[in-house]
Amino acid sequence: MPWHVDEPLLEAYQQGRLDPSRVMAVDAHLQACPACRSAVPADAEWLDRSWEAVLDLIRTPAPGPVERAAERAGLPGHRLRLLAATPALRWSWLAATVAVLTFGVVAAYAGDARTSLTWFLVAAPLLPVLAVATAYGPPFDPMHEITSMTPSAGPALVLWRATAVVGVSMALGLVAAALLPGPGWYAAAWLLPAFLLSVGTLALATVLPLPVAAGLLATGWVIVAGGVSIAGEADLPVVFGPAAQSGYLLAAALAAGVLTRRRRRLDPGESR
Amino acid sequence: MTTIRITGLGKRYGATTALDDLDLTIGRGVTGLLGPNGAGKTTLLRCLGTAQAPDSGRIEVFGLNPAVAAERTALRRRLGYLPQSPGLYPNFTAAALLDYVAVLKELTGTRQRRAEVRRVLDEVGLTDRARTKVRKLSGGMRQRLGLAQALLGTPDLLILDEPTVGLDPEQRMFFRALISRLGETRTVLLSTHQTEDVSALCERVIVLRAGRAVFDGTPRELAALAQGQVWLSADPPAGGSMYWRTADGDYRTLGVRPPGGAAVRPSIEDGYLTLLGPDAATAVR
């Protein structure tokens, strides 16, 4: 005669009073026996809720390491989703940035220290500018057409992404600069030019398309800073001296003012 | 009820005129846009979708003017758009990609976003592909995913730029069924080269040529343009007419009646070919 779950056992099972081995035995029987299964009252609402929770777990994409770190830093989840799609925050971009910086550091140790350091200082500010140029809009964002027709498109999204990429690329640059030979303050000499070029790019993007604005400023910087550095004889080229740094700070403040005033005109590449 | 009102819309790319003083009104249901390549279909859809500003004229969608920043944002909240070639991040999973677009559509609550992603995945039949990376999806599945992102937030206006291009017959049937269902409760504007899609789906069809609307009516009215000009005959026509040999071995002629030709009921394609003449050759596939 086949065994079935009797009433006292069923009651204990429902109330959670059985030990694990007996729960497993009842579970196994219920799966095979429709008659006993129908005797277990089902809370449809609870089942639906549980099922939804299980589906959420299965379908929700697991956050990547960058997202997890930013979450710990207090950024809300939806903001992270927006930033995670930024082209310049993808692994390939980060790897390229690290490779360029590593090359700069290795060159500084391997060759003539002064020349290598000077070129590091000239090149390092270009990394955040490049990241800003590719942070939003065509041709770097394959989903730009879809993005541009959503309510989040526009200046706010550009600024969020630009802030994220400038932050990441400058942090990587700082690590590389700290590894360079020479006096410690030398390592920080590229920070203000980098900040100026990044904010300047965004300010200029209120008039020109973002990649064009970045290209103009980056080219101008390489010609001026590179030219002056090559021509100069001093240990520290004049473009990284205290007077120049004050000028960069002032110009960055001006660019930030222009950007704040004209932020609604920030053209991320749309034909508007 | 009028959803879209377009007055005197103009757009040029250098010497090329994409839209030429276009006037249109579009209401609820499925409206098809037909036209040869370069007729201005995509430009019109991009202007309506707020991705592009026209050079002249005025657009009103749900009474909102996209030229005004605040109204443009308000319009984007009610809009779903499937571009002709939706570039989707290849390394995102289907669910992550939809989650990202849901954030762009201002669905900021995690629970609300997850429920919405689940809903649209179910709607396009991709529930079991939620964790598959976009690069591993077939072309048809990517197109479904593209449609799914357009459906996020239950938009009142759906703009679909050639949604069935490159799909196999089964996938096309799936899209047709879904689009016709969506058109029952909202405005769907779709651009297509497939006259079969128009006859199967659209209550109204607009034919564009060189940036102007050269036809605006029902599919039946479009087909009627070729009334009395479509013939079946055992021998090919003498010349001057468009014709082809059918699978049965007869000749189907559009134009002057060939000797012994019997009149047949025209299709939308016949009407379209009659309307556009030689231009249509580049449009019908």
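Just so it is clear, glycine is given a Cβ too, placed from its N, Cα and C backbone atoms.
Some features that TrEMBL has for this protein:
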| type | residues | note |
| --- | --- | --- |
| DOMAIN | A:9-37 | domain 'Putative zinc-finger' |
| TRANSMEM | A:91-111 | transmembrane segment |
| TRANSMEM | A:117-137 | transmembrane segment |
| TRANSMEM | A:158-179 | transmembrane segment |
| TRANSMEM | A:185-205 | transmembrane segment |
| TRANSMEM | A:212-232 | transmembrane segment |
| TRANSMEM | A:238-259 | transmembrane segment |
Practice task
Determine which residues of the chain contact the transmembrane segment (A:158-179) at the Cβ level, with the cut-off under 8 Å and only residues 6 or more beyond its ends counted.
Solution key: 79, 82-83, 86, 88-89, 94, 97-98, 101-102, 104-105, 120, 124, 127-128, 130-132, 134-137, 186-188, 190-191, 194-195, 198, 202, 205, 210, 263, 266, 268
Exercise for the section: Average the per-residue pLDDT over the domain 'Putative zinc-finger' (A:9-37) and send me the rounded value. Expected result: 87
Handout entry: Recorded stretch, among A:91-111, A:117-137, A:185-205, A:212-232, maximising Cβ pairs under 8 Å relative to the transmembrane segment (A:238-259)
Key = A:185-205
Exercise for the section: Please work out the helix, strand and coil residue numbers for the domain 'Putative zinc-finger' (A:9-37) from the DSSP assignment. Expected result: 23 helix, 0 strand, 6 coil
